[in-house]
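Report on the structure given below.
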Amino acid sequence: MKSNLAVFFITCFFCCVFVTSDSVYTLPFPFPRDQVEILLELKNEFPSFNCDLTWKLDYFGRMDTRANISSWTKDSDSFSGVSFDSETGVVKELSLGRQCLTSLKANSSLFRFQHLRYLDLSENHFDSSPIPSGFGRLTYLESLDLSKNGFIGEVPSSISNLSRLTNLDLSYNKLTGGIPNLHSLTLLENIDLSYNKFSGAIPSYLFTMPFLVSLNLRQNHLSDPLENINYSATSKLLILDMAYNLMSHRILEPISKLANLIQIDLSFQKTPYTFNFDFLLFKSLVRLDLSGNSVSVVGTGSENLTHLDLSSCNITEFPMFIKDLQRLWWLDISNNRIKGKVPELLWTLPSMLHVNLSRNSFDSLEGTPKIILNSSISELDLSSNAFKGSFPIIPPYVNIMAASNNYFTGGIPLIFCKRYRLSLLDLSNNNFSGTIPRCLTNVSLGLEALKLSNNSLTGRLPDIEDRLVLLDVGHNQISGKLPRSLVNCTTLKFLNVEGNHINDTFPFWLKALTRLEIIVLRSNRFHGPISSPEVSLSFTALRIIDISRNSFNGSLPQNYFANWSAPLVNTPQGYRWPEYTGDEHSKYETPLWSYPSIHLRIKGRSIELGKIPDTYTSIDFSGNSFEGQIPESIGDLKSLIVLDLSNNSFTGRIPSSLAKLKQLESLDLSQNRISGNIPQELRELTFLGYVNMSHNRLTGQIPQSTQVGGQPKSSFEGNINLCGLPLQESCLRGNGVPSTPHTQEQELPKQEHALNWKAAAIGYGPGVLFGLAIGQAFARYKPVLFYKLFRL
């Protein structure tokens with residue numbers, strides 16, 4: 001019994017010791033305590049992890065859950081993004097991409113992980129700061145990814161200490177100076193320095209590093225190597241991307257000796273010289289991009305070539321040498337000066353899938369129906385050429401068909417209804433007439449994007465089946481109502497029916513489409529109210545709505561915008577780098593329907609947006625008959641960039657909540673019946689570049705700021721009694737309007753002068769009375785004390 005009690009007390013003693021000791025962590029594995037402490041110190045270096053959740057979305061819109069540094073605690077299970085060595089327990093890998101980390105310190109705890117082998121800090125917010133030299137202390141590193149961070153300055157020389165490095169990615173930053181010294185990093189297999197501001201000559205050793213497989217120097221300010229290249233027969237370089245630099249035609253001679261190259265991109269070099277490309281010197285090539293240069297091609301091409309881009313090369317003849325390229329499946333000769341017929345040989349290439357012939361002067365397709373119908377082509381772009389007449393026969397397996405900006409006539413051919421799968425059909429900007437074939441919208445066809453704008457199509461819109469992502473039938477002569485079957489298109493993102501004769505009420509039922517981002521109903525015959533007590537209008541994904549130039553009427557409840565979509569309501573957070581989307585001629589595959597083209601009224605002008613940025617937001621209710629007050633809830637739309645409520649009958653005052661729209665760039669309230677003062681808080685809208693409040697009933701002083709007061713006089717003309725810049729009317733007293741600050745400053749001395757006299761009167765009055773009384777007393781009684789003091 002005594003022994004049991006002894007064991008019990010001893011156990012309790014040790015339990016108390018270990019429980020009360022705050023230096024001991026409960027870990028399921030024997031990780032060194034110092035590693036856990038360093039991890040927690042690293043976490044505390046980044047106090048805020050609040051950022052726009054869209055920053056964590058991958059290319060496909062899925063949430064990136066690889067790591068979450070904000071969840072790190074003493075519990076080792078919480079260290080997502082961290083890998084420990086199974087034998088020693090030290091941290092060997094950190095994957096902290098897309099964590100909204102900021103301000104990487106020069107003495108960061110990060111540089112204490114001496115055994116770290118893999119480090120990913122990509123897509124964070126280290127903007128406008130240099131790369132710390134401390135990275136050079138991580139001598140065990142094998143892979144370092146610092147891409148998409150906004151680092152500036154030169155790469156520290158300490159990077160040359162990383163002798164075990166096999167992968168180095170510094171792309172999409174703002175790094176300057178020459179290419180860093182990587183000569184001693186002989187184990188490198190992949191180097192990506194693209195999308196920076198590196199300048200000077202390319203070091204010749206880069207082409208002959210013993211294990212280097214891929215070298216990406218795209219979009220810098222680099223020029224030809226100055227030194228001769230000492231070629232190695234064992235060079236393993238396979239992929240070379242030097243697009244968007246300052247290379248001359250002379251670069252072809254040295255790189256032609258790299259016998260194993262399979263992919264070369266020399267597109268868009270800023271040189272006046274012609275690239276004389278000899279295929280005989282590049283027998284292993286699989287992919288070649290010479291776009292954006294003046295090119296002369298010699299030889300028949302590599303038998304392994306699968307990808308050829310000669311777009312924007314100023315060529316005048318079809319490249320007939322492709323007839324021998326039996327493995328070629330991707331051809332782009334767009335934006336050249338080629339005329340006449342598309343040769344028959346194009347349809348006979350057995351592997352051909354993608355063909356872009358746009359922006360030339362082709363006028364017809366050569367080849368018999370039998371030959372064309374045997375072609376394997378699945379993506380065909382004939383847009384912006386000189387085709388005319390009826391639409392030609394096309395290969396049977398085409399699933400992406402673009403033929404916009406031509407002169408095609410007649411009805412839309414029914415051959416499209418016989419395609420096995422047609423994802424995209426773009427026949428916009430032609431002279432097609434008649435009705436839209438019902439079969440085009442059958443679910444069995446699988447159409448995802450239908451672009452028929454700027455034709456002469458008539459009749460009603462057919463019922464639309466599911467799967468459609470983009471529908472653009474703007475600027476035709478379509479009548480009737482919007483088909484209610486659109487509510488079944490759960491994938492619809494873009495709807496444009498502008499410039500037709502559609503006669504319908506507001507489509508409240510569209511709010512059921514949870515992915516709908518853009519609605520354009522402009523210039524039709526829509527009518528009636530756009531609010532209803534029975535239906536609360538809430539679009540979950542809407543960011544652009546244009547219902548201008550219709551006959552909508554009624555008033556908008558004060559809470560009208562209270563339940564609108566997250567893209568309009570949420571304030572953008574964090575940083576976005578426009579250059580991350582690639583250059584204008586990026587070759588990354590992107591769905592064609594990602595770039596709908598619409599006309600929007602921005603800053604008083606109609607502007608065509610060919611590629612609408614994902615963060616662009618706009619509301620245009622202009623040219624209707626809305627009345628009543630502008631809802632105060634408009635201030636809830638904190639991400640709004642363009643607001644146009646002009647040419648209506650709105651009354652009441654301008655809501656002060658407009659000052660909450662910190663992203664607003666364009667505001668048009670002209671041609672209404674709005675009264676009262678312009679809210680002075682609008683001075684705080686620092687992005688506001690266009691303001692129009694003309695032809696209302698506004699009074700008082702125009703807010704004096706660059707954004708508002710700096711507008712042209714026409715932006716405020718036609719009001720009752722506005723004053724202040726940019727108008728000539730000054731805000732003097734007596735005009736029934738408040739004083740301007742300048743006038744107030746002039747009047748201030750007068751007011752102070754009057755106040756000073758009043759104060760003097762108040763002070764002098766009692767003093768004078770008191771003096772008279774004392775004087776009388778002196779005169780009558782002559783007190784002895786006063787005589788003694790003043791010797792009177």
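Heads up, the Cβ atoms here are built off N, Cα and C, so glycines get one too.
What Swiss-Prot lists as N-linked glycosylation site is ASN68 (among others), and the listing cites sequence analysis. Non-local contacts of ASN68 (N-linked glycosylation site) by the CB criterion (under 8 A, 6+ apart in sequence, same chain) comprise SER80, GLY81, GLN99.
Feature annotation from Swiss-Prot assigns N-linked glycosylation site to ASN107 (among others). For ASN107 (N-linked glycosylation site), the count of additional Cβ atoms within 10 Å of its Cβ stands at 10 [all protein chains shown]. DSSP classifies ASN107 (N-linked glycosylation site) as coil under the three-state reduction.
The N-linked glycosylation site feature in Swiss-Prot is assigned to ASN161 (among others); the stated evidence is sequence analysis. Mapped onto three states, the DSSP output places ASN161 (N-linked glycosylation site) in helix.
What Swiss-Prot records for ASN356 (among others) is N-linked glycosylation site, and it gives sequence analysis as the kind of evidence. Under the DSSP three-state reduction, ASN356 (N-linked glycosylation site) is assigned to strand. Counting only same-chain residues six or more apart in sequence, the Cβ atoms lying under 8 angstroms from the Cβ of ASN356 (N-linked glycosylation site) belong to SER311, LEU331, ASP332, ILE333, SER334, ASP381.
With a 10 A radius on its CB, ASN374 (N-linked glycosylation site) counts 14 other CB atoms from all the protein chains. Here Swiss-Prot flags ASN374 (among others) as N-linked glycosylation site, drawing on sequence analysis.
The N-linked glycosylation site annotation in Swiss-Prot covers ASN431 (among others). Following the DSSP three-state reduction, the secondary structure of ASN431 (N-linked glycosylation site) is strand.
Look at Swiss-Prot and you will find ASN442 (among others) tagged as N-linked glycosylation site. The DSSP secondary structure for ASN442 (N-linked glycosylation site) is coil. Cβ neighbours of ASN442 (N-linked glycosylation site) (same chain, under 8 Å, six or more residues apart in sequence): CYS417, GLU465.
DSSP assigns ASN488 (N-linked glycosylation site) to a helix in the three-state reduction. Neighbour density for ASN488 (N-linked glycosylation site): within 10 A of its CB lie 17 other CB atoms from the protein chains shown. According to Swiss-Prot, the N-linked glycosylation site annotation covers ASN488 (among others), on the basis of sequence analysis.
Summarising the annotation, Swiss-Prot assigns N-linked glycosylation site to ASN553 (among others). All chains included, 15 other C-beta atoms sit within 10 angstroms of the C-beta of ASN553 (N-linked glycosylation site).
Under the heading N-linked glycosylation site, Swiss-Prot lists ASN563 (among others). Classification of ASN563 (N-linked glycosylation site) by DSSP places it in coil, neither helical nor stranded.
According to Swiss-Prot, the feature N-linked glycosylation site maps to ASN647 (among others). In the three-state DSSP reading, ASN647 (N-linked glycosylation site) counts as coil.
In this structure, ASN692 (N-linked glycosylation site) is part of a beta strand by DSSP. As annotated by Swiss-Prot, N-linked glycosylation site applies to ASN692 (among others).
Per DSSP, the secondary structure of the repeat 'LRR 1' (114-137) breaks down as 5 helix, 5 strand, 14 coil. The repeat 'LRR 1' annotation in Swiss-Prot covers 114-137.
Long-range contacts of the repeat 'LRR 4' (189-209) within the same chain, counting only residues at least 6 positions beyond its ends with a Cβ under 8 Å from a Cβ of the stretch, are 147, 166-179, 182-183, 215-232, 235, 237, 241-242, 254-255, 258, 579-580. What Swiss-Prot lists as repeat 'LRR 4' is 189-209, and the listing cites sequence analysis.
Residues or ranges marked as repeat 'LRR 6' by Swiss-Prot on the basis of sequence analysis: 235-258. Summarised by DSSP class, the composition of the repeat 'LRR 6' (235-258) is 7 helix, 3 strand, 14 coil.
The repeat 'LRR 9' annotation in Swiss-Prot covers 303-324. Residues of the same chain lying 6 or more positions beyond the ends of the repeat 'LRR 9' (303-324) and with a Cβ under 8 Å from any Cβ of it are 262, 267-268, 279, 283-295, 297, 330-339, 342-343, 345-346, 348-349, 351, 356, 585, 587.
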Stretch-averaged pLDDT - the repeat 'LRR 11' (351-374): 96
Whole-number Å value for how far ASN431 (N-linked glycosylation site) lies from ASN488 (N-linked glycosylation site) (Cα to Cα): 30
For the repeat 'LRR 20' (614-637), residues assigned helix / strand / coil by DSSP: 5 helix, 8 strand, 11 coil
For ASN68 (N-linked glycosylation site): DSSP state (helix, strand, coil): coil
Nonlocal neighbours by CB distance (under 8 Å) for ASN161 (N-linked glycosylation site), same chain, sequence gap 6 or more: GLY136, ARG137, THR139
Which of 114-137, 351-374, 400-418 contacts the repeat 'LRR 15' (444-470) most, counting Cβ pairs under 8 Å: 400-418
Most Cβ neighbours inside 10 Å, all chains, among the glycosylation sites ASN431, ASN563, ASN647: ASN647
DSSP-derived structure type at ASN374 (N-linked glycosylation site), helix or strand or else coil: coil
Residues in the repeat 'LRR 9' (303-324) grouped by DSSP into helix, strand and remaining coil: 5 helix, 3 strand, 14 coil
Surrounding residues of the repeat 'LRR 1' (114-137) on its own chain - C-beta under 8 Å, 6+ positions past either end: 51, 55, 83, 85, 88, 90-108, 143-162, 164, 169-170, 175, 574-575
